[in-house]
């Protein structure tokens with residue numbers, strides 16, 4: 001045999017051709033046996049996979065579909081890849097002289113596909129074993145599963161599911177061994193030797209990558225767990241080790257912020273993280289909007305004007321009433337049900353799917369700080385402890401997992417979000433078509449159904465203009481008896497607090513709370529309606545101008561800017577039945593005085609509440625703007641006309657007199673549509 005540049009086996013002596021052909025024939029024989037073993041075991045392996053997918057999985061209806069998905073994972077993908085692999089492998093038998101070369105190229109060709117499908121199966125294998133263990137705790141279920149397996153695969157024995165589930169793991173790890181066996185029985189001078197050598201190395205890399213992927217998945221699963229712990233449970237977990245880690249991370253972060261140590265830059269991850277946060281923001285905003293949409297739809301369905309007795313003759317009104325009743329009973333409830341099932345639930349599922357990556361990204365920051373600290377020590381000292389080396393590997397594994405999978409996750413999340421939006425638009429379009437179809441018969445019987453669209457539009461505009469003028473006239477008449485806008489009276493005992501705020505901050509900084517405020521955050525204040533505060537800053541630390549920093553005279557914190565109204569410190573006026581507290585020569589701590597219309601209201605008078613009022617004690621009664629009120633006494637027990645004793649739906653209590661007014665009596669008017 002001519003020398004092809006490869007090294008001769010050391011056990012092969014230089015002997016005559018006739019003597020030399022005998023060991024070559026033995027090598028060739030062993031090589032063919034190794035190839036035959038590869039093909040025969042591949043046939044048996046694929047047959048077992050098909051039994052698992054078709055005969056066994058389909059005969060386990062007693063198991064939930066979720067369990068079956070975990071147990072058999074992506075076995076269908078494995079069958080598809082290995083079926084094509086076996087077909088090409090068997091075709092190499094027709095070219096015996098080139099068979100080893102073709103087998104090596106075949107493994108190189110399928111290298112990426114084998115890694116792709118087997119790493120998914122291997123990553124879920126441990127979870128599948130946990131399910132198997134739970135089945136063993138239920139003897140009846142275990143017997144049913146075992147009988148199905150023994151009928152399909154008798155050689156499984158008592159191991160049952162465990163025997164079948166481990167087969168793909170054994171097969172992917174056996175490929176490098178089978179290739180190594182073929183390589184050992186291939187002469188180094190053979191032209192197929194380098195190819196089969198590369199194939200053996202490639203399959204060894206596949207098993208290594210699968211193990212690394214499995215380790216990363218286990219790491220991600222560990223940090224993905226969201227535990228709902230009480231404060232006591234959280235405190236119980238604090239020990240010197242956790243305190244030391246958190247202190248070290250904080251120290252590292254402060255050094256970076258101060259510019260004492262460099263920050264690790266990873267532009268690839270930063271771009272992926274930015275895109276992920278953008279997707280998360282879109283999902284959060286859409287979820288909030290859809291929730292508001294559903295709330296408004298629910299409120300709309302609760303309003304049922306068609307059930308009211310309109311006391312009108314037969315005609316278009318009855319037709320319209322029948323149409324609205326039909327829509328409220330069928331079209332709109334059906335639309336709401338479809339919206340919840342096809343939009344809201346998928347949107348909630350998408351929001352939950354974002355939690356895992358969010359936790360991993362947060363954990364990556366912690367591990368990055370650990371990694372940077374260890375790298376600094378490694379440069380300074382030259383060695384690290386076992387725990388520090390493990391911290392380095394943890395960060396590298398976590399970062400590699402995110403960089404590898406965030407692009408695919410972002411893409412799928414965007415597709416998922418797009419599908420939800422398209423579904424929402426389709427539901428809106430279907431609702432509009434359904435309403436038009438249902439209204440088609442009724443519209444023909446309504447007035448002006450034969451009027452052209454431009455003429456009808458003009459008619460509607462004229463009618464709305466007429467009714468708008470009527471509303472404006474009513475508003476003007478009603479405004480003649482309204483008192484000027486006033487501010488909620490001061491809370492009892494608040495005079496000294498207001499004096500202190502005035503002397504400390506000046507009158508231009510005083511504001512009054514227009515409605516009760518319940519603080520939710522750590523720095524948020526809880527205030528009562530009518531309380532006086534001083535403005536310290538018209539935005540929070542993040543620049544949000546809707547949250548103001550205020551001083552109550554005792555506490556400082558944030559409140560919603562929309563719940564505050566400037567408090568006017570008016571000049572002192574004699575003869576007002578207002579605040580009689582201490583005033584200086586130029587200012588008096590009270591809302592701007594208004595003529596007291598309540599003092600002219602006779603006892604037992606029907607009036608309406610101009611402004612809403614929230615009761616703050618058992619002596620007061622709350623009212624809504626526009627609510628009918630009966631005045632029992634136009635003053636309080638001390639004769640103060642600023643408070644009136646009223647009756648509101650059977651409840652008696654005091655209300656500020658300036659919040660009440662007589663209703664106007666405008667000329668009769670109403671809504672009418674010209675015929």
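The backbone N, Cα and C atoms fix where each Cβ goes, and this holds for glycine too.
The annotation region 'Disordered' is assigned in TrEMBL to 1-22.
Residues or ranges marked as compositional bias 'Basic and acidic residues' by TrEMBL: 9-22.
If you look up TrEMBL, you'll see 30-213 marked as domain 'DH'.
The domain 'BAR' feature in TrEMBL is assigned to 254-455.
Helix, strand and coil counts under DSSP for the domain 'SH3' (506-569) come to 6 helix, 26 strand, 32 coil. Positions annotated as domain 'SH3' by TrEMBL: 506-569 (among others).
According to TrEMBL, the domain 'SH3' annotation covers 602-665 (among others).
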Q) If you average pLDDT over the domain 'SH3' (602-665), what do you get? A) 83
**Q.** Secondary structure tally of the domain 'SH3' (602-665) (DSSP, helix then strand then coil)
**A.** 3 helix, 28 strand, 33 coil
